[in-house]
Structure formats: structure tokens, C-alpha cells
């Protein structure tokens, strides 16, 4: 077997059970991985120097194909209401079949950290069949120094083989595509898909399992910090604006998607960003555009000009879920430490497909826990297979597919941290205004940015608020530079009766969804629920 690159020779492929490999490329950097991806026909080069790959059939995550081993370790610690199980025996069969499938292959291996805080990070080794997948995960996780690689012993190991085809009868899964996690052995198996985001989210899922026991709240959020050291957290599902809104030229970016919140503050799990880039433009998102049109960026399913090879970010013919992965260093004002102090503001982003939520509202701590557990948004086109237009969705903790433990574990931790650090909480609608999806229009990003700036710099504390008659939270009545009518959603609708009907419908959906949590929360949180009786008064 031919091995090239820096690694710990005493802890190689044999420790994972890999044998009869043709070769291993260890910890290659971007230039080498570009060369292999291009030589192997895995990807092409854009005119700007980005590496552009197609992910084939799977252009998004496939949550129904994700499984966790149910054993003595997980029986009473996993949230089985939200996770699918396989037996330890089925996983072992799958694992051995993965090892057999890898024989004769040349694999790419990366030794990386999941987490910027040395106390809580997890040492992660990722074996990939494809060179561009190796570049992707190297970009998204945190890269050790060269000297650290020579003694690196992984705690978590992923193997990613897109050419593997699972057998549902033999392996206990649903289809030929599979993501299987064994928390006791700290192994993740990914097969049958070329969608690179499965790797990143598998590491996130493992951190979501291990960190609460260490007193750290893992979060599906972005984070940034202002010039005065004021940290802000942005919760939200894919496509709601986490990446876009946290990339603020006046604030330092900590990270765009995954963080932990513990005794010393907030830390990024990652070393890169993974931005949706459909309709990406230099005018609306200059930093993300610049990071996506340069050497080192990995573009997924982006259409290139036939002759000039220029990315056409407006073309969603392959998928609406076009993506750009780039290192944090590509953002001019990104924090390279990936760490910041205790948050002063928590923002919950919702893409309201009904168009009845205000562009911003202030939440009490109880309302914050209610909306965190509710996790309301719209599923935005393309993030998952089969979703082509926004549909209302409740995804608890703004990340249901990635929660191994019961949502109340994360909800209670958030409430305690908000109270302990006296954090201001906001709900921001980045969805629709002027009508329901299809008749209204998307909230202007400039309005959202202006309102967020006012919230984060403290100026929103000094304005007059009204109580929303449907949702009960506090809504500003006026703010300089923002049209006052957009602050009150009913004023943006031509048909006021239709607004009332739609708002009541959404309130009912909130109540129906939250019923499953009522036994796990106290009276104060239950009282924070939206209530149609308010609207009738």
C-alpha cells in the first residue's frame, strides 16, 4: 500500500480495520486535492478558480436514510421519537461490508477537529473515496497544525464511500443510501450519496450527543461579535438566513452554522462555511460572493457557462440547493480562533411562509424557550430531497434532524443560559410579507439587516412596542429608516380578513405542534404560547 502525506504512522488505517487498500493520501491540502479531483474527473474548474462538483441524484440531505445503533449506550439517552434505529449486529454487518468495499481503493484521509475549544473538541478522522469530498470536509472542520498531525489519534472516525450501495434487508436500512452512527464505538458510515453535507452534519450530530453531558449546549446557529465584544447567536434552519445575516461587515464572524455555548462563552464547531448560493450576487451578499468565486471554494451543483466556465448562481436547474463551501479565512472579518464571550443577544430566524409574523419581535425568556422548542420555519426549496417550494415546518430546536437527545435537554439548557447571562432574545421573520407564499413577497434583506442592527446595538430597547394580538410577543411600532407599515404585518395585506384567518390558522398549528412538549415544560412556558383569544379581544 502506498501512503503519502503527514500522519501518525502508529495509528493508521489498520486501526479502523481497513486492509488491502491501493493507497492513502493523508491530509492533503487544497492544491493537491484540486489536482486529484480534476485528474479523476470528479469536478471541474470555474473561471474564478473554484472547484465545481455535481452530487448526482442526491442534491440534499436524506434524513429518512439516517440510522443510529440502539444499544445499552443509547437505549435511554437517545430521543427515539426523532431518530431511527438499527441493531448493533446490523451496524457491524454494514461496517464489515464498507471495509470490504474499500479494498483496492485509494482513499483520501483527513485528521481534523470538530470544535474550536480545546477542552470540548473531538478529534475526527475522515476517510473519503472522492478527492473533492476530502477538500470539502477539510474546509468545513478545523485543521490541526502540522506538528499535531504526527501524533493524531482520532476519537471519531467517518468513512464516506459514495459508490457503496446498502442492502435494506441485510443492513436494516431503507434504501441503497445510508448514514449510520454508532455512538458507543464513535464510528459513522456514509454510503450511496455524493452530497457532501452528510459528512458535516454527521459530525454535528455526534457533538450534539456528547456535549450536553459536558455542560455545553450544542446549537444549529451562526454567531458573530460586535466591536464592543457583544456576541450574537442566530438560530434557524437551512435557508432562513443564518449564513447571510451573520456575515456582517461591521461584526466579526465566529461561524455560520454550528456552535457550542458553555461556561467560557461560544465556540464554533467548524473552520469553514457552507452557504446556499442560489441567486447569490455581489450586490446583496458581497462577502459570500467573493468567498465563493476564488481558489479554495467548493461549489456543489452550480451551473457553469459552457464556454467561459463562469458560475451562474441564478440557475437552479440542477437544484435550488446549490452550495458553496469555503474556509472562514475567505471572509475578511472572520474570527480565526472561532471563540467569543457570553452572548448578549439570541436571534431566532423563521421563514414564515404564511406572511403573518412581524419582521422582528422581542421575546421573554419563556417565549424564547417556547419558540426554540417549536422551531417554526418553512422548509425552503432544495435543502432536502423532494421539497420544491416552501412548506410550513416545525423543527424543534431549529435542528430536529440533528438532535440525538430529547429536545427538552437542549431547551432547558438554553433557558438556563439565557437567564444566567441576562440575554435579549428576538424572533426575526426572514420569510414572507404582504401575503402568504405565492401572493406576498420575501422580506427585503435590507429591512432585516436594519432591524437586526438596531437590536444588536441596543437602539431597539428605546422604541415603543405593541403586543402582537396573535402571538403575544412585543413588536416595535416604529424605527428610523424602516417603513412603519412593514412592522405590522396586517398593514401589508390587501385583504385584512384573509390575514386574520391565516394568522389564526398558524396559531392553531403552533398549539397543535407544542402539545407534545407541554408535559415537559412549566406553566410559564405553556403560558408563552400564541393564543387566538388575544386576537379576539
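The backbone N, Cα and C atoms fix where each Cβ goes, and this holds for glycine too.
Mn(2+) is bound by 201, 257 in Swiss-Prot, and the record lists one more residue there from 171, 220, which is 220. In the three-state DSSP assignment, the secondary structure recorded for residue 240 (ATP binding site) is coil. In terms of Cα distance, the binding-site residues that sit within 10 Å of residue 220 (Mn(2+) binding site) are 236, chosen from 195, 236, 240, 323. The binding-site residues near residue 238 (ATP binding site), taking a 10 angstroms Cα-Cα threshold over the set 61, 195, 201, 257, 323, are 257. Excluding 201, 220, 257, which define the Mn(2+) site, the same chain contributes 200, 204, 238, 258, 399, 402 within 8 Å (Cβ to the Cβ centroid), listed in sequence order. Taking only the Cα positions, the spacing between residue 242 (ATP binding site) and residue 195 (substrate binding site) is 21 angstrom. Using the Cβ center of 61, 195, 201, 323 for substrate, the list of other same-chain residues with Cβ within 8 Å runs, in sequence order, 60, 196, 197, 198, 200, 274, 321. Cα spacing between residue 244 (ATP binding site) and residue 201 (substrate binding site): 19 Å, rounded to the nearest whole number.
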